[in-house]
Amino acid sequence: MAVRLRRVKRANPYDLYRTCATGDCPQDVKDRFEHNTIADKILKWGSAGVFLGGLGIGSTQARPGLGTYSPLGRGGVTGRIPVRGPGSTRPLGRPFSSGPIDTIGAGVRTSVETSVTVPDVVAVLPESPAVITPDSMPVDPGVGGLDISAEIIEEPSLTFVEPHGPEDVAVLDVNPAEHDRSVYLSSSTTHHNPSFQGQVTVYTDIGETSETENLLISGSNIGSSRGEEIQMQLFSGPKTSTPETDAVTKVRGRANWFSKRYYTQTSVRDPTFIQEPQTYFYGFENPAYEPDPFEDSFDVQLASPSEPVQPELRDITHVSAARTFRGESGRVGISRLGQKSSIQTRSGVTVGGRVHFRYSLSTIEDAIEDAGEIELQVTNGSQGPSGSLQHTAETILSEGHDAYVDVDMDSVGSLYSDIDLIDEHSETPHGILVFHDEAETDVVPVIDVSYVRKPLSTIPGSDLWPTNINIQNGPVDVDLQDSILPGIIITDSGVDGTYFLNTYLHPSLHKRKKRRFS
């Protein structure tokens, strides 16, 4: 059994290079750490022939060399320029003297021996009082009836207090050093770009008209007219609802159905071929290959194929979907691609050309521009009083839009007389009272007691129809005040004859309840 050798990993290159003191370091590790590999040699040889100094390649700093651009200053940049203050007496030479500078140690308090002198405060009284009282007041005739009184304010008393405290108080006179560099003057400069910022001029003088920018608000008739009246002309209208702005690129090759190199161009006169091309496809049946040739169908005769109207439509086997097109003349039409089967070999291969069938739609002439007017045909063939209106309409259309004719409506007669339009009046009226409420609506029929219709049948002994009255054909007068009571009683709650929704049945019509004796 073969023993599989185990691959032993080599130590880290950093550890191997550290142990190379004896000279047994691998060559690849040595070249890597001493930068003596093939890549390092190529860089050394290339740098000897090509000088790339100053471009900052291989370093983190890059500076523009000769021939490069310098960045322009942007607008609104604030620069700090140190200048001397107004009270500075610093010489123009070195800021410090050439002598040694004394150092002050930390924690040492500076003391200056000075003598404190307290000034004497002397009270000086004012020579003139604060309030002046005149001897006499001038009389103003415009101010009458007013009492003017002068108020005298006493002078306040001033008390001066002598300062008390120790006399050995140190007073330090601290002056700014001559070499103080904390005094700066900040100046800013803003550059305006006239391409993006317009010049704004504010005029404070009101009514000044000597400037160049004058605003004159006036009508159309003030001043000289420098314009020119140009009459607008209408261009030709678009041929489609959404006109294409880009030019239509011409299609080449087999995608161009109008190419005579790939397709035979045929104009179709029958629109049926474009709408239903399957009517031009027909075939023959061979009885020898039918599954049941001896059925009872000998008397049925197969319809002979219809002969195409055009000879170019023969031998068509396949047609494509219809597509609209626009030819070079600008006319719109519908076209299809067809495949003919003129020759068929024994192996079943059909040979035939491809034909482009196109059907051009009729051109719609602009009757308004060519003829100037459109003649309206009479669609109503009735000969009656409406003939005068038709004649008037034709007269208006023939004379133009500016001619109008006043038509007297009373002059037009009616096909029916007023007597025929009057409805028949019924002598047996039956009114209906409708009581409407927000919640419900009740309809109560009201029968006129002066007219009674003849009933279908008379019930002897009934309260609805009396038996002792001789009812003849037609309406008769019946007195129902004593003999018949109405089934529904409507109470009259108003003086003016207004009926309310207060109805109830007559007590005689209520069903009698049987009493139960316990």
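Note that Cβ sites are derived from N, Cα and C of the backbone, with glycine treated the same way.
Keep in mind that this is a model prediction, so the values were computed, not measured.
Copied over from Swiss-Prot:
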- 2-11: motif 'Nuclear localization signal' (MOTIF)
- Cys20-Cys25: disulfide bond (DISULFID)
- 68-100: region 'Disordered' (REGION)
- 511-517: motif 'Nuclear localization signal' (MOTIF)
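For the disulfide-bonded residues listed here (Cys20, Cys25), the lowest count of other CB atoms within 10 A around the CB belongs to Cys20. For the motif 'Nuclear localization signal' (2-11), residue counts in helix, strand and coil come to 0 helix, 0 strand, 10 coil, using DSSP. Cys20 (disulfide bond) falls within a helix when secondary structure is assigned with DSSP. Over the motif 'Nuclear localization signal' (2-11) the predicted model carries a mean pLDDT of 75.
Residue counts for the motif 'Nuclear localization signal' (511-517) under DSSP, split into helix (H, G, I), strand (E, B) and coil, are 0 helix, 0 strand, 7 coil.
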